[in-house]
Amino acid sequence: SCPCDANSCIMSATLSNEPSSRFSDCSFSLPSRFSDCSFNQYSSDIIHYHECLLNEPSRTDIVSPPVCGNYYPEVGEDCDCGPPANCQNPCCDAATCGLTTGSQCAEGLCCDQCRLKKAGTICRKARGDNPDDRCTGQSGVCPRNT
């Protein structure tokens, strides 16, 4: 049994049919909580499998056309700091999603104040059997040495 304080839980086999939890006579309210079991499983997974959360998706994984201003640098964009009114990155031109004049990079563990760190600079310390990850001097992204 996986108790949930709400009328129905996310991932529940059924939705509550109680009138107090419905939007109207012909709809159900959407669950807003995970059951205790789901929450505990999620917490355990984060603790034991958190390494995969560090894997950034590749720009080529996106199948839709690039959209400047969505906070995600896609193919053809040097950076993406969101809409011009929200951009807080001095290295990125929010209107073009390109680097500002004189900038070499806009983000990443190998980027410091809009300048690329030197090749060989440690950007991520060794963990387990994996060696230190080092900057290439060509990108702000810290490559994974596996």
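From the backbone N, Cα and C atoms, a Cβ is placed for every residue, glycine too.
Remember, it's a predicted structure, so these values are computed and weren't measured experimentally.
The disulfide partner of C105, as annotated in Swiss-Prot and taken from the candidates C110, C111, is C111. Looking up C135 in Swiss-Prot gives a disulphide bond whose other cysteine, out of C110, C114, is C110.
Cα proximity to C91 (disulfide bond) (within 10 Å) is found for the following disulfide-bonded residues from C9, C68, C79, C105, C123, C142: C79, C105. In this structure, C111 (disulfide bond) is part of a beta strand by DSSP. Taking the Cβ of C97 (disulfide bond) as reference, residues of its chain lying under 8 Å away and at least six apart in sequence are, in sequence order, P66, C68, G69, P73, E77, D78, C79, D80. Across the domain 'Disintegrin' (65-146), the DSSP tally of helix, strand and coil residues reads 0 helix, 15 strand, 67 coil.
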